[in-house]
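These come from TrEMBL:
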- 129-156: coiled coil (COILED)
- 306-324: compositional bias 'Acidic residues' (COMPBIAS)
- 297-333: region 'Disordered' (REGION)
- 212-254: repeat 'WD' (REPEAT)
- 255-286: repeat 'WD' (REPEAT)
- 338-379: repeat 'WD' (REPEAT)
- 380-421: repeat 'WD' (REPEAT)
- 424-464: repeat 'WD' (REPEAT)
Amino acid sequence: MAAPALFRRHFRASGQKPPEATVTGREARLALNKTIIACTSALYCYSDEIFPVTEYMVTSVTERICNMTLIFWTVYHRSLCEAVFLKTNSSEQDRAGLQRDMLEGQDSKLPSSVRNTLLELFGQIEREFENLYIENLELRREIDTLNERLAAEGQTIDGAELSKGQLKTKASHSTSQLSQKLKTTYKASTSKIVSSFKTTTSRAICQLVKEYVGHRDGIWDVSVAKTQPVVLGTASADHTALLWSIETGKCLVKYVGHVGSVNSIKFHPTEQVALTASGDQTAHIWRYIVQLPTPQPTADCNQMSGEDEVEFSDKDEPDGDGDGSSDCPTVRAPLTSLKSHQGVVIAADWLVGGKQAVTASWDRTANLYDVETSELVHSLTGHDQELTHCCTHPTQRLVVTSSRDTTFRLWDFRDPSIHSVNVFQGHTDTVTSAVFTVGDNVVSGSDDRTVKVWDLKNMRSPIATIRTDSAVNRINVCVGQRIIALPHDNRQVRLFDMSGVRLARLPRSNRQGHRRMVCCSAWSEDHPICNLFTCGFDRQAIGWNINIPALLQEK
């Protein structure tokens, strides 16, 4: 049967010997009961967070389930064979009575009602196999009938002797296969040629300028300061946030005030203050003072070449101490800590003016705080599942929150007496981010592999839809040129315009580009060296120079 073969493959992969099937039904039941108790206990402890389930526990429980299920299938298969043998000499009532007598004769502590229910379920399985067998016989008879009709033409279907007509058909089929293979080879060759031209053009327009290496774990978020001096900020799962010199790639400040993963970072619109959200259920506001180092000449990263779509191993990832982030000044305590959430704070942002901040959490709420007093002003409820992102409008008191419930919501705080909310429905999976653009547009990205552009005045349907081949993470829009940067799970970063036209794909080879999932993108339109930044779980952020006029001209 299929199930025993499946579990035998499991044991071959693990290098273990499958258990012998010479056991009684009572032994199988007792062993299966013990396994169910162990699984239930492990799941109960995990769900209540009494202690984490280790890899050893999961492996042990999985192997015991495989062992017991193999024994169970073997015993049941033996019983099923006996039932098939008895089927020709007894009626269905006699068989049911005989099986019930056999079950009652076994030593079991199960109540009779439960045992009868199990027997009925196994009977249903047997009847289902019987129906399939009868259907198979009927189909076989139809095939035989068709073979008789086609015999005059020298053609047969599955089971008849080879004839001249069939040999001719086979020859034609082989020719068709050869033709298809040649077409596929030709298409692949021409695709490589076209791809090489596209890659060359893309590299000329999108150039890698700088790599920012220093985190010890994946980077969730990247942001650019809005005041002088302009610095780059990264938020990482290694519990730290780092500030970088864009020109030199040197770490300037290290924030270590959080005790959980730092999930987002945003800079104050007018001051040298940063806002970070963390898995420790808090958001921190902290001040930084930086002195930019003198830029040093750097090698041209675009001279590096190699084939696209190269697979990487862990040893190819950047070293966590590559740029000596441990040597930079450290900020250990925040100015203010926002503590009203009951779950992971996944994102935070400043409202226009910087006097209020909004946070989004896995407790399904978003909170609006007064920065000066740290008091909770509003708790925004309505999402059915965990929030994934929040974003504020650059010039108006508007907030958009996205969630795993496949929706994103627009919150309006322009009128102090009325706080309206609009719900946007159009995605089929988690909405990973939703961001504002100039005017009355919102762009949303989702795990359903689409990006949608919405008009705030008409929320019934999107005005443009971008379909991709991978889940989309935290997107960002170039406000001046209205270009959307899409970071993907498959390590790619693509650029689209607001109408959904693809403009470029950032180059990625065996020497440059991201090597793991790309988590976030951020534009810095006015910076002369790097105007686009991306970060990912390869523990690095990358600065790119996008030739926007040339990009739009090619469009």
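Cβ from N, Cα, C; glycine included.
Caution: TrEMBL annotation is automatic and unverified by curators.
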Report task. Work out, from DSSP, the number of helix, strand and coil residues along the repeat 'WD' (424-464). Result -> 0 helix, 22 strand, 19 coil
Query raised in the report: Under DSSP, the repeat 'WD' (380-421) has how many residues in helix, strand and coil?
Result: 0 helix, 26 strand, 16 coil
Query raised in the report: Residues sitting near the repeat 'WD' (255-286): Cβ under 8 Å, six or more positions beyond its termini, same chain?
Result: 217, 220-227, 233-243, 330-339, 341-350, 352-354, 357, 359-361, 369, 371
Query - Integer average pLDDT (0 to 100) for the coiled coil (129-156) - result: 80
Query raised in the report: Under the DSSP assignment, what numbers of helix, strand and coil residues are found in the repeat 'WD' (255-286)?
Result: 0 helix, 17 strand, 15 coil
Query - Helix-strand-coil residue split for the repeat 'WD' (212-254), DSSP-based - result: 0 helix, 21 strand, 22 coil
